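Features of the protein shown, as given by TrEMBL:
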- 130-284: domain 'Lipase maturation factor 1/2 N-terminal' (DOMAIN)
- 453-587: domain 'Lipase maturation factor 1/2 C-terminal' (DOMAIN)
- 21-39: transmembrane segment (TRANSMEM)
- 84-101: transmembrane segment (TRANSMEM)
- 108-128: transmembrane segment (TRANSMEM)
- 164-190: transmembrane segment (TRANSMEM)
- 218-238: transmembrane segment (TRANSMEM)
- 250-281: transmembrane segment (TRANSMEM)
- 319-339: transmembrane segment (TRANSMEM)
- 360-380: transmembrane segment (TRANSMEM)
- 407-425: transmembrane segment (TRANSMEM)
- 631-653: transmembrane segment (TRANSMEM)
Amino acid sequence: MEKANSDSRSLETEDVPRVRNLLLRSMCAVYLMAFVGFYCQAEGLYGDAGILPASRILANGTLKERLSLLQLGPFIGLGDGHEAIDLLCLVGATVAFLGLVSRVHCRLVSFIVMWSVYFSLVQISQSFRQQADHLLLEAGFLCILLAPSRLTDRRLPMEDIALLLLKWLVFRFMFASGSVKLASGCPLWWSLDGLKRHYETMPLPTSYSWYTYQLPDAFHRASTIYVYLSELVVPWLFFAPSKAVRRFALWWHVFLHLNIIGCGNYGFLSPLVLTLLLTLLDDEDELLVWLHERVSDEPRRRPRAKGRNQTEDADVDRYGGRLVKVIGLLMVVGSWLCFSVGTSDEGQLTFKPSFTRDQYLNVMQTMIRAAPLLVFVLMVKKFLKLLSSQDSVGSLAEGMRQFSKNLGLLISTIVAFTVFFMSIVPHSRLLPSTAITSPVMTRAYGGLHSLYVVNQYGRHLTKMRPMRREIILEYSDDINGTWHEYGFQYKPWTIERASSLPYGWLYFPRFDFKFYDGSGSKTDAQKWIYPLIQRLLEHQRPVLDLLDGRHIPAQAPKYIRTSLYRFAYTSFSEGAFWTRERLTDYFNVFSQDDTQLREKLKQMNFRPTVEPSSGSWNWLLRWVLDAIRRFVGAIEGSYLLVGLFVAAGMVIYTQQQQQKHHQQQRTSGQST
């Protein structure tokens, strides 16, 4: 009897939640990218001498906007300047780094700290807030439900429900990204030329994007169909009971997002999506076991004996490989029929949608309504399993009484179902005909959305831009003299091949990215450019550090103007990546004493001169933070991130070697 109990405990300890552990470690890596990227640009964007000082929001914003940990800055002697922002970024990055290198630090309190800190930073990001911030905060909140509160590998009762909500989140994100393309009626998406145009007009393209653009049109149209399948069809496979089908969906999207990382500087967005895709695996998947052994800081355990549940899973997945082949064949045949694949007189492949926009919208209505119903059924199933697991005497009623006593589990369950039901509101808004109009639901969603717990996605790439337009900043000391250009680190601004398509990799350059929004909208909608011009006229170093240091004036210029250029990719035979043509003025010429500029800044409650932050009396902490910024400021953001991940890899490797050494010592001690 004792031996049986011992074997049972041994099997229980070997039941390691690898999906949970690796997902949480990966989320720490994504948080690290986000915190470091924010830190590198914080002083130039949100400091007292920055473009949009955080003090504007903290002092004059609404109650929701002022909800931030930065309000505590004066209590520790940092005021509301960039030093307080630096401290939050460093705290968040430190917690994220520790969680990445060791599971010991990957706990509930760590995710509460990271979410709270990043929420506070996003609160003051103002015009530079991006979709990736919303997705990270929503995923980070769900990870609070998933993270263990104690240093244990035991499974949490809420684990299955939290993983399902994360899977639902990545489904919503991908499905929303795809559904709006054809629903918008954009001619480029309907002619299957949207992806080729996207390579040229994306926010921050890379050289990979230029090379891909040169491929034949038939390849681009086939790739567009691949994108439609990736965003409209494959996400449904996320919920398949077959492991092989889910693994097929995982690798499909891994290939998609590796290409997205290669062709555009989207920072931590694609790594975050890839992290959420870990929910498609199970704990016994060979890939997950291999990854877990490479990053785990614990002694390796022998494989868990196959039990009844695993045998049943194997029976369900016996024909998984054949099912994947059938699904692949159906997608090929369906694409062939839906897009009328044929050949032209020249023998080239041709593509043309064989369905109308009304037919597409009717199908989308059904899919939008069916998705929450499917997830709700799965959540109820997991909830009932959770109830039964609380029943220690074989009675469901007794299990309910035991469950009601567990207040923490009850609160977590209520939060999980609340988040799910509120997420239906933005999901239903993908089409006007399916939008939920209930005042109760919309108000409740608005409350959660103000905390970025539930967000709406899919608003990007609804309609492709017919051409690429870029805002170029120019300066001169003579209004009639020669104009010189400010250089950018990541944004296309010159036709020089070496400086026009750089890689940011995991670093997210918010400043350069924002010019993409500015070039595609009216000037009045981009009010942040007025304080940018003012800071350039003042020659403020924090803002100049956001630009390419090789192309800035040695002293403050007298005049600044913004020009709008048209950029277009070159062909293989030309020596540069871009050709460009000046279209018109984006803004008029501005100077320090320009009346219009001062009026615009006054409307924004912007302070043209730099004032010291109130409450900045903690000189020692300020000195430490400034020293760290001077040291880190000498390293370009993308290289800094690479260095941190290399350091994390070295720490993990060292831990692995130490564990092997300890195991060898124990083995040799037992043998003797």
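Yeah, the Cβs are placed from backbone N, Cα and C, and that goes for glycine too.
Just so you know, TrEMBL annotations never went through curation; they're auto-generated.
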Legend entry - Local confidence of the domain 'Lipase maturation factor 1/2 C-terminal' (453-587) - pLDDT mean: 90
Legend entry - Residues in the domain 'Lipase maturation factor 1/2 C-terminal' (453-587) grouped by DSSP into helix, strand and remaining coil: 34 helix, 34 strand, 67 coil
Legend entry - Cβ pairs under 8 Å between the transmembrane segment (21-39) and the transmembrane segment (360-380), at least three: no
Legend entry - Selected stretch (most C-beta pairs under 8 A with the transmembrane segment (108-128)) from 84-101, 319-339, 360-380: 84-101
Legend entry - Whether the transmembrane segment (84-101) meets the transmembrane segment (360-380): three or more C-beta pairs under 8 angstroms: no
Legend entry - Same-chain residues at least 6 beyond the ends of the transmembrane segment (631-653) whose Cβ lies under 8 Å from its Cβ atoms: 29, 32-33, 36-37, 39-41, 97, 100-102, 294-295, 297, 489, 503-507, 509, 545
